[in-house]
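So the structure is just underneath, and the comments pick up after that.
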């Protein structure tokens, strides 16, 4: 009891540290992101082309550093990666505040300033490992995402306050100080549990997704954020020029979106576990398509505000549920999964900046927004395509047919209902073994009131670094009988079934196949089973 309470308190403490680090990182990132362009343009007197190159170089540097640290995190999870990139970014901002030329600022953007983008996926990957598989972990992504959205509502205002009393150099130094706080708060997060996470199995195990499915999902996220960033550029121009709204109305619209985004991210923490991440992401993408439709139809502020509600919901859902989805998809490679999602969004911002300017100059604001809606719809279609390409069932182990289901073990065309029931029960057993959670190294199958049809994979929960249940893994199947007199559980027998390709394929010897059929059917005979 005491251990359970201490674990709960430890998880809440870790969640508080992670939330604080994400909030501070978001404040620093929003301050730099909002005013770095003006710093390069006003203080260094750079032309628009060079300013664009600086912005792109910072994004490219962030993608490279994030990818590298994601691989390192999977091999050796540690909090020092976050501390290192936060400290490096702080040093980069201090040096950038004293930069006097385009070349120097470009160098800092590619290296030190770009490393700031790597801290975001590192914190989310660390949250996945530190918090484990408990209820706090299930709510971590939306809660941390809400902290990030809150930071982006605070950061620009804080930057404006600093800029009113100081210069751009003072603003960059303030952001550097916030990054130092990020590094210090990250040190209070407990070290990630377990050792190095496992690399993907090369044997075609189904717990690892197909490369085609990963490509579809990554393309979907990239297109979604391309539409988001492009719409962010087009909306202010459309509202002030086409709809003749005041410039202050743009701030109102983005403020409404930020509030809805925070509320939606917090609401995701209360969503029941039975609602899958795929359904949430598709609902967010559908809302984003509806957002662009509402903006195009709008004639004034009322419909634009309603559209911002849909936009805030979409960004919050895809941003929070998307991170969790990628982590589940590529488990146990948590660092690589979070980095892939983050880099996909960064790539979307790179593409959006160039294409939006070209589209507005050639087609105008309304058609540009319509094209953004088409890109968002394409993102949803790509996600559906990835869902069709992804097969979560273990194709290798399901191909290793359980001997109890082979025709040689059960008489072909037999009308014996008992044999058919046993064959169905054994088939269910094999399917559950194949689909068992990748974090389980052992699986216990329990029957509900003796029903031979229902088997539930309970599994011994372990860290994400534990061995995946796959070919050759020893799986324990325990039969527990209930004494009607005492009501106590007593273990009648326990046996192990080694799932081996040599014993469960058509190439296996008939004698071995029959022997393992007998073991599998014997474990599933109609005896009284109970839940532990």
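Quick reminder: no glycine exception, Cβ is built from N, Cα and C everywhere.
If you look up TrEMBL, you'll see 20-39, 51-73, 79-97, 104-131, 143-163, 170-189, 213-238, 250-273, 279-297, 309-327, 367-389 marked as transmembrane segment. What TrEMBL records for 396-426 is region 'Disordered'.
Contact between the transmembrane segment (250-273) and the transmembrane segment (104-131) does not hold: fewer than three of their C-beta pairs are under 8 Å, each pair 6 or more apart in sequence. At the 8 Å Cβ threshold, with sequence separation of at least 6, the transmembrane segment (143-163) comes into contact with the transmembrane segment (20-39) through 3 or more pairs. The stretch with the most CB contacts under 8 Å to the transmembrane segment (309-327), chosen from 20-39, 79-97, 104-131, is 104-131.
Distant neighbours of the transmembrane segment (20-39): 51, 54-55, 58, 82, 86, 89, 93, 96, 113, 116-117, 119-120, 123, 144, 147-152, 154-156, 158-159, 162-163, 168, 171-172, 174-176, 178-179, 181-182, 185-186, 189; these residues of the same chain sit at least 6 beyond its ends, with a Cβ under 8 Å from one of its Cβ atoms.
Beyond its flanks by at least six residues, the transmembrane segment (213-238) meets 250, 253, 285, 288, 291-292, 295, 311, 315, 318, 322, 325-326, 329-330, 340-341, 344-345, 347-349, 351-353, 355-357, 359-360, 365-366, 368-369, 371-373, 375-376, 378-380, 382-383, 385-387, 389-391 of its own chain at Cβ-Cβ distances under 8 Å. Beyond the transmembrane segment (367-389), the same-chain residues lying 6 or more positions past its ends with a Cβ under 8 Å from any Cβ of the stretch are 210, 212-217, 219-224, 226-227, 230-231, 234-235, 238, 278, 281-282, 285-286, 288-289, 291-293, 295-296, 356, 359-360. Note on the transmembrane segment (170-189): residues 14, 17-18, 20-21, 24-25, 27-28, 31-32, 35-36, 39, 79, 82-83, 86-87, 89-91, 93-94, 96-97, 116, 119, 123, 126, 130, 158-159, 162-163 of its chain, located 6 or more positions outside it, place their CB under 8 angstroms from a CB of the stretch.
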